[in-house]
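Down below is the structure, laid out as C-alpha cells.
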Amino acid sequence: MSFLFGSRSSKTFKPKKNIPEGSHQYELLKHAEATLGSGNLRQAVMLPEGEDLNEWIAVNTVDFFNQINMLYGTITEFCTETSCSVMSAGPRYEYHWADGTNIKKPIKCSAPKYIDYLMTWVQDQLDDETLFPSKIGVPFPKNFMSVAKTILKRLFRVYAHIYHQHFDSVMQLQEEAHLNTSFKHFIFFVQEFTLIDRRELAPLQDLIEKLCTKDR
C-alpha cells in the first residue's frame, strides 16, 4: 500500500492512479490499508467477506501499480539506456515488449523504454472504464480476470528488474524495506488468487521462497 512509503516516494514515474473518494472501491482500499497495518500480509490479501472478487482484484491492481510506480520512480536515474540496454532480470531472463495493438511483434528495447511502454499500457487499462469500472453497479467485463492477470504479470517484471539490476541503488537509498514489503504483499496477493503462472515468477523464485518460508 502506498502509505508504506516515505517522503522520497513522492517522486513517481507516471501520474498516480487515484481511486475516487467516497466510492465503494475507496472503502475497500481503506479496509486493505487497515488490515495491512496489522502486519499480517497473508490475512491482508484475503477477499473480505461479502465482497466481489473482481472489485477486490481491481482495487489491489491499482494499488500495486501505484506502489511500483513510486519504487521505480526512486531509481530512474540509475536505470538508463546505457546501464540497462536490455530489459532483463538477471542473465537468464530478457523481456521483449508487445502490447498486441500498437506493437504487435515483440521488440527488444532498453529497460527504461520497456518500463515506460509497460506503465503507459497499464495506465491505459486502468483508465478504461469498460475494463475497470469505478461506478457502483457497472459490471466488470467477462475478460476482466485475464486483463488483470496480464497487468500483474507485467508489473512483476518491474520488481524482477529492480531486484536483479538495481538492488544496490535501492540499498543506497535505504528503500530496501519498502521494496521487500511491497513485493511480499504483491506475491502473497497473486498467490492467494493464482494470478501469475509459476514459470513467470522464476526470476525471483529464490526470494519468493525465502519470503514465504519466513511467514509460515
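Each residue, glycine too, has its Cβ placed from N, Cα and C.
Automatic, uncurated: that is what TrEMBL annotation is.
Annotated features in TrEMBL:
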BINDING   CYS79, CYS84, HIS161, HIS166  Zn(2+) binding site
Around the recorded Zn(2+) site (CYS79, CYS84, HIS161, HIS166), other residues with Cβ within 8 Å of the Cβ centre, ordered by sequence, are ILE75, PHE78, SER83, ALA111, PRO112, ILE115, ILE162, GLN165
Write out the long-range same-chain contacts of HIS161 (Zn(2+) binding site), meaning residues 6 or more apart in sequence whose Cβ is under 8 Å from its Cβ.
CYS79, CYS84, MET87, SER88, ALA89, ALA111, ILE115
